[in-house]
Each structure stands twice: as C-alpha cells, then as structure tokens.
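S.K.: Below is a structure I'd like to ask you about.
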C-alpha cells in the first residue's frame, strides 16, 4: 500500500506541476474560477483533437517527414539522390532516384492527409454538438468547442456533459442527479451526484446570474474519483467541494430532467482527456518493422559488395588494356568508384516498394470501408479503416483485449424468466419446460392453488426496490418511465409492469401499485440497502390491510441461509437457478416474512440506535438487519439478461478457435463481469477460476507465487483456466517486482478478466502484454475510457455506436458491433497479411534478380561500373514493366474464400504465426533471386559467345546482350508472380501478360526516339537487332522456363509432402470437396492439463459460492455514494411537479420561441416555448398573469382545443418541463384579485377566475399544421388567432 500511495503522490505532484504550466494559474497548483465574471487567465479550449496531425497543416510537414524517414529505405534513397548530384559519379543519371522518391513522399502525404481529414471530421462532429449556456441572463445554444471555463451550462436528460462541471442545481429534490459513467469506467449502474445546499435553490436564470464569488479547485489531473475544491460566495462562508459535486466530461445525465453546472476544466484538461493519449500515436506494423530490419541487412550487404567491387577495380590490370587510356588508380578514384557502385546497386533496395505498399494498403482500406457484410444496418454504420498502415497487422493478432459495457453488451437489462411455485415462466412464448407469463397472470386472477404465492411474488417485484416512477406527459397514454440507479432493478419493475403489477407512485412514505387494475397503497417503513457485503436488500412495508411484511431479495446463497424450515420449492428453485446461470442470466432469489407489530416496534428501536451509533455503525446496522432478515419464506427467483450484442458468443468462440486469447478489461463489478464471461462463453461451467482479490502487496505476491508454483511445467502454456483480478489487486500486481510473474500467470490461462480497472490501468495492462510478449495485441472498446488502451495496443478498434464516438475517433479501425471483429481479422486481416507479405518479398526478389546482374557484368567489364542496361530502361523497370503484378497480387490475391475463412477460424493461425514473412522465408526468396539472375545472365552471355546472333554472322554490341537479358528478366519475374498467385482472375492475366507485352512495345517505340527526340541515341534501331535474332526468340522460351524449374519443383514438393492447412483447404475448395474433413477442430486436454484442472478445483482461493456456480446476483448499484438509496427515495414525491429550471413563469423545453404582444401597452415579449398537450398553462410575467390554451398541436398528440375567445376563464395549471409537443397557443392576459396567486419554486400553483383583458398573437416558427377531420374543423370554427 505504501508503494501505491507514493506513486499516487508522485503522480499528483506531476499533475500539479503540469497544471502550473498549462492548467493552473501563475505557477500555482490550483485553479480559481470566478462566477459570472471574466476569467483573468485564458484556459484550454474545449475543442478536442484525436487526429494524428493535431494542428492540421501547421506541423504536418515536419511530423510527416519524421514518420516517413523513420523508414530506413527512405533515408537511404535520400542519400543516393544527393550522391547522384555529384558530377561524373552517377552511372544512372542525376534524377533517377530523386524523382521516384519525391513521388513516393507525395503519394504517402496524400494518403496521410486523406486519413487524417477523417479523424478531424469525427472530432468536429463532437466539437460541434450544442449545449445551453447562460449568457447575459439568457440561455443560448452554443457549440461545445466554444465553452469556456467559468460558463454556467444547462445539461438535459440523456445528454453528455461537455466539460468537467461543478453541479449547482437540478430538477430533482436536494439538487440530486443521476449520472451514467459507463463511458468513463464501464460501470452500468448509475451514480448519484448532489449539489451543495448553498446552490440547490438556484433554479432560474436570474438566480444564477446573481451568483457571485469564486471556485478554487485543484489543477487538472487524471484522477477520475478525486477532487478537492472550495466554493467561496461573496459575503458567505467558504464551502468545501468534493467528487460528489463534480460531473465529468464523457458521463451522461440520466433520470434527471436537467442540471445546472459551472465549467471548471475544458478540452484536453478534463479528467477524461487526461486519461487518454494527447494525440494518435505513430503506429507501425510488425511487417513494417521487419522490412526495416531487412533493409538494414541489405544496406550492409550493399556496402560490402561495393567495397569488394572497388577493391577489384583497383586491382584490375589496366596495363593489359592500354588502348583504354586508363590512368593509374588513386585513392581518390577508389572513393569515386565506391560511390559509383553504391549508386549503381542502390536499387537492390526497391524504391518502388513504398509506393506499391501505400497504394495496396489504401485500396485494401477501401475494401474494408465498403464491405457490405460489415454494415450495421440498424444504425447505418459502415466499417471504417481510419489508418491503412496496419492492415496486415490485423492478420497477426494474438491477444484481443476488450471492454465489456457497450462492446460486448448493449447495456440493456431485460427481464427474461422467473421461477414461481415450482414452474418457470418465460417472457417469450412459453416452450417446454417453460410456461408463458400469461399463465402466471391467469394463475393470479384465478385464485386457485399457488395463486397467493404468485401474487406475493409479483407484488414484491413492484414494491421491493428503490426505483422512481416518472409519468411522462409527452409519451402516448402518459406512459410511466422508471428511473433507477440500478438498471437491474428497472428491468425487474418493468417486468412486473408487463405482468399487470404497475408501480405508479412514490412518495416519501409510501408506494402505490396498480394490481391488475386495482390501486393498492403500501407504506414503506424501512429500506435495508444492498451492499456487496450484504448481497441483498430488504424493504419493510405495511400492506393495505395493515399487515407488516418484510420483502427480501438477493443472491441465492444469502437468501437460502435465512430461510425457515420446510420450504416447499427450495430444491426446485436451486435447479432453476443453475439452469438460468448456465445461460449466463443474472439471478435473484425472493423471500418474504410476516412481522408482528410488537416485534417491529422493538426492532425499530434497535435499528434507530444502530443508525445513530458513533462507533462501529456499519457493523451494528448489519447486526440489526440480521435480526429481522431471517425465518424467510421463499417465493421464487428471477433471471435477467444483460443483453449481449448480436453474435458475441459466436464471435468469441471463433476467436478462441483461431488461437486468439480474449481478455476483458472492464470498470464494472467482478460479479457482473463474471456473469458476462459466462454469457458470452468466455468462461464455461467446468473452467477453474483463479480469483485474485487481495488487500496488500505482500498478500498479492504470495497469491501469485502460489499459483505460479501450481502451474509447474504448464506455466506459460495455454491451460483451461481463467484468471479474474480486481483493480485494487492489479495495482500491486503491476509493480516492477511482480509484473513478470503476474504476466506469466495471465498467459498461462485461456481467459483473463480484469474488473474495476481505471482507463490508465487498462493501458498499462495492454502495454505490459505488448512489450513483454512481443505478440500483436488488439484493443477494442466503445467508450472514452477505452481510448488509452486503444492507443497503446498494436491495433485499436473502436465500436462506432451512439456512445462510442470518442473511442472510434481514437481508433485505427471502427466497426458497428463486436461481431464484425471476426470478419475484420479472419478475412481482411488474413488476406491483407498474405498479400502484403507477397508484395514485399516479390519486390525484393525482382529487384535483386535484375540489379545483381550488374555484378556479374562487372566481372566481365573490368569492374568499371559500366551498366549493361540503358539507364531509362532501368528506371522504367519498377515503374512500368513490373509494377502491375505486385499491385494485383496485393489487391486481389487470396488463398481461401471469405465464407471458408469465417466458417473455419483455424485457418487464421497460419497468418497469426507470421510464417509468411520471416528471416527464413526472406533468405529463400533472395536465394531464388540470385539463382535466377545467374541463369538469366549466364545463358544469354554464353549463347552470344559461342554462337552468332544472326545467320549472316554479324554480332551485336553490349546493348544487344543487355536488352536480351532485360527481356528474359521481365518475363521471368512476371511468370514468377503468376506462380505465387493463388487466385487467378482476368485482372491477374492482364497484369502479367500485359507487363510482358509492355516491354516489347516499349523497346519498339523507345528505339525510334532518336533522332526525332534528343534522347537515347545508343538505343536507335536496337529493336531490329533484338527482334530479328533467332537466338533471342529461342531464349524467350527456354531461359524463363529454366529459371522457374527450381520454383516449380520446390512448390510441387511442398504441396505434396509439407502441405499447409491453407493449401489443403484451397485444394478442397477448387475440387469442391468437403473442407471440414481437412480440419480437426477437436481440442483434447492432455493428462497434465487434466491434473492441473483438478488442482485448481481444490484450491482455497477466496471464491464466493455464487461465483463458483456462476449465480450472479442482479445488482449493479453504487455503494457508499453521496447518498444512500434509502435516503434518496425519501426525497421524492412523484405526485408533485418538478421545477422547470427557467425564469419564473417560463414554460420551456426547446428552441421554439413564442412572441407575446400586448396591444394595450404596445409591448412585445419573446420567450422560448415548447409546450405539451395540456389543456392550458398559466405563468407570471412582470407581475402580469397570462393564460395559454392550445390552438393546434402536432400530429403525434392530436389534441385539438379551441382558442380562447372573449369569455372569462378559469385555469388551474401545472407547468411541465419535460414536454415533447410543439404547439400553437393562444395567450390571454388575466387580472386576478389580489392574493389569489400562490407561487412555489417558480410555478403558479392556483389561479382564480379573472376577466379577459385581450387576445394576444403568437409568432413563429410554427410546426406544420396537421390535416383536420371535418368534425374537428367544425369544432375549431376555423377562427384565426
């Protein structure tokens, strides 16, 4: 613990120093925000940028050049281009390297700009969201990017917080609000935040404008759950601020109409962004790094080769060739010759490789973007390759590290089944052995045997909870919307509602339930809250007939310990629970007890004393609860589904078959994560669980060491075991002296689940795994809390959902749902890896094959540096004659069809192992290139030495031989491409035969340039010499076939003796055989693994019984928050209206404006309007009473009410804040007698009769008027306003 505290102190100190420079003020490590005043310092903008080139074109060029020249090939070619500018040194001209290099950089720059523009657009979509900000006493809509520190903003229900805010007030009692932090920490439960009592009364704009003073708080830092500050109002005492008053960017407001908040941190200084990388990292694929190493090897070989040639040149006996007039060689000439040879052989490192890879990757990214099989049709989300540099990395993934909430799950809880009276009832159509819930309703209505238990069970569902009902007037039939801190509880109450037991009203003292049409009132006496230690919650109620009952629900083991004797369905429900758990459902047991008034009075005194105890309060409260939560009668059990995204279990099963390890890193609770592990088949019933929950560094060390010893020889090998660790233990496990053993333990398990981890811990785990194992890691998530790990992994994938925008912006690839990950890896990843490997190896091969010939020629030309080929022929080799085959190979080649790869994930293992591109494979291709170059040079050379080129006996010059050799090289390398191609299409034929034909056409045209064009005089008429030689045409057939004979022989032997799994499947596809016969998908445990499995079954690791049985108890609720749920529900009275949150009398819920014109005084007032379908509404404006009545409503509500005309009116109205219908209203000015208006929290409570003063006009914008039925038109009378 000391290490943790020390690390935290250092980190906080670092955060403070950083803030002093950027986020603090004047070098101090705190921040002062003035209320309703200009800020003395300019703080960070609220605009965020996750793009690679953050400041657009300002720093694009230096960053781009830095990334490009990290590739050693580009540095080498730059040096060659500079050396070529030395006069008399380059044998190939001055611009043959510089021009291609510039072209490569331009193409790369265009690709980078195109990809980065996508990132900037995604960022702009977030930055251009709108929010209401209080400006000059009015609420104005502004973009997120324009929010500044010190602004007061209004955030509405189901909206994200645009910055880090201090909560001032809310629509709920006592300035409470519910916050969903799944986007921050992955927790599905809602958190309660509460504003200070000193600001909770600020419910209107003018109250907020009167606020004066300042907020002092700590400098920006990355600690999500820590905050210290003070509120210093003018002429008032200082009030402390804590995390309970802070609303963080990335979190969402839930179950609360609106909140007012003061902006304290913006943009990249928010805690969310502090936990994310400041910008997209410059990632490089494994293949790219390996290519870099190969280029280094070739560079040193090139240096050695050039030194040998320079030495040979210096030792060449020039006196024997006196007719050449060569001077004695000197040291200077040695150096010049060395440089000449470097320039001559620089193309051993293919300059065309980079531009070929860029084009191929860009097109491959287009295939990903337009894959119809990866379209999420529900939200019309296509897959998007935000970078193409990692396409081949998708084919080598060994570890997938996934978030849970929003990535594997939809974060939607559904009530699926229940067990009552020994029977299982399903919300879907009843199928054996389940019955339909309609049967349960019939049972309750019939009053037959078992109906009383069923009725008690359903009443308990509707009563035993802390849910708040909200009757939404904007919804059809005034449907009730339930608000709950726990999504599980909301699902249970909604399930009871579907069964006819509707929870309607909550007041501080009671709840009202509509039981099959009959209202029943239950007085809530006490609420015993749920905690992870209690694993249960209870309510004590007084029923309508005056009886006191205890309703208790919780985990099966906890409830069963408290049951009385002779429970009728005890064993049956246990079997049902096991069935539910086997399906991955979250289960709860329900029990009740009758309590006498006398016993309750005694217990109430005991409980009151425990709740007011100054010492050991929690322990005494638990003891008091134990007194009453016993001798229970079991009623039944429920099963809730934490709804998974489509095909998640199937996708994970496929990933495991492909040899990919799946780790889940989540901020949610351990029990919830284990339940999801079972639901998605990451865990199975027979799998032993290694659970690490420790409280100290020493305990963590002992536990890890013990498990390492238990693995024995199986350590660092995959075993049928799963490791579960919580965030607190992970802090100790990641310390320097333990991380190695911890990682060994993790990679020895088939699956790993890390629970309650922070975003920074996720990134640390990913970084440790990536660095220590050297394997390719892929991180996938949907929330802002996943950005850090997405950017740390080799490949980052974002789920582009409604809440996954930030993860998608920071990712390398974005998909609509988790299930598309399988196709992204198995199809696009495997294809791209195979294609890119072939492109790279083939590019090295074809260059070595041609340019090493200059070495053999040098031995015949006195090591003089004379080139065998014409210079522009050399330059066009990679640009024209051999450019198409690698492009087509990199775009269209595939060994197996997409359907086969998706059906048989085992095929992925071949690309995952990196068998297509390594030192062994590379050296084999180099060896083939050398053999081919020898044959292609030696055979024509000796044929021209022993024979004559033409029948008349004449001989050609060196260019005659050079062009013959060049022709054979082009034919050989093009046919080699065809030999390596797995999928022949018409494009493949066009590329191979077209490339060969292009050389023959080029030679014909280029030989006729001189003297029409002033270039290539030595090539004039050369085509006549070449094409008229029988030796040449004989060699066209014989020499390429002789070269490729070795390749054909080797390939035949490999496919016969050492046939790979992919080759077997490919042959089965071609011959239309059953592919499944080739694959053996059965995985059997070794004897050692079986023994190991038994060892873990006997371990005494601290595992709760319900965890071992996978009986998850369906609670996901904040503990030890700002206020307990038992206190929260005492503040609510759903029979009372909520405050509107605007100026007194304003009826507001949108941007539509109503203009009120008073003819008597010539005054025109403009106010925002968006009213519901109420019959009338009344408000006070400048002491004048106004009544509004509906004239026309929207088509959805269809509430057509005549306009007020000239009669006296009476209005008793409640002004609603949460409304949907935009309508036209008639405004009537009323003059009430004195004392008849009662106001409360800005609302007019009661209005007595008053005479009409005038009819007022409304001005737009108006909604579109619906078409009226004739009867409706008659009711209106067609009177204009």
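Each Cβ is built from the backbone N, Cα and C atoms, and glycine gets one as well.
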S.K.: In TrEMBL, one of 95-114, 115-134, 135-154 is tagged transmembrane segment. Which stretch would that be?
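M.R.: Checking TrEMBL against the ranges 95-114, 115-134, 135-154, the transmembrane segment one is 95-114.
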S.K.: In TrEMBL, one of 990-1010, 1053-1073, 1074-1094, 1095-1115 is tagged transmembrane segment. Which stretch would that be?
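M.R.: Residues 990-1010 are the ones TrEMBL records as transmembrane segment.
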S.K.: Using TrEMBL as the reference, determine which range in 710-729, 790-809, 810-829, 1030-1049 is annotated transmembrane segment.
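M.R.: Comparing 710-729, 790-809, 810-829, 1030-1049 with TrEMBL, transmembrane segment matches 1030-1049.
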S.K.: In the domain 'P-type ATPase N-terminal' (39-98), how many residues does DSSP assign to helix, to strand and to coil?
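M.R.: For the domain 'P-type ATPase N-terminal' (39-98), the helix, strand and coil counts are 22 helix, 0 strand, 38 coil.
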S.K.: If you measure from the Cα of residue 782 (Mg(2+) binding site), which of the recorded positions 403, 530, 667, 756 is the nearest?
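M.R.: Going through 403, 530, 667, 756 one by one, the closest to residue 782 (Mg(2+) binding site) is 403.
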S.K.: Given the recorded positions 403, 586, 667, 756, find the one whose Cα is closest in space to the Cα of residue 786 (Mg(2+) binding site).
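M.R.: For residue 786 (Mg(2+) binding site), the closest Cα among 403, 586, 667, 756 is found at 403.
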S.K.: How many Å separate the Cα atoms of residue 756 (ATP binding site) and residue 403 (active site, 4-aspartylphosphate intermediate)?
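M.R.: Distance (Cα to Cα, whole Å): 11 Å.
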S.K.: Want to know which binding-site residues, from 530, 586, 667, 785, are within 10 Å of residue 403 (active site, 4-aspartylphosphate intermediate) at Cα; which are they?
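M.R.: So the list is 667, 785.
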S.K.: With DSSP helix as H/G/I and strand as E/B, how many residues of the domain 'P-type ATPase A' (126-189) fall in helix, strand and coil?
M.R.: 12 helix, 30 strand, 22 coil
S.K.: Looking at the binding-site residues 530, 586, 667, 785, which ones sit with their CA no more than 10 Å from the CA of residue 405 (Mg(2+) binding site)?
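M.R.: So far as Cα distances go, the binding-site residues lying within 10 Å of residue 405 (Mg(2+) binding site) are 667.
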S.K.: Here are some binding-site residues: 405, 785. Which one has the most Cβ atoms within 10 Å of its Cβ?
M.R.: 785
S.K.: Across the domain 'P-type ATPase A' (126-189), what is the average pLDDT of the model, as a whole number?
M.R.: 88
S.K.: Least buried of the binding-site residues 586, 756, going by other Cβ atoms within 10 Å?
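M.R.: Across 586, 756, these binding-site residues, the one with fewest Cβ atoms within 10 Å is 756.
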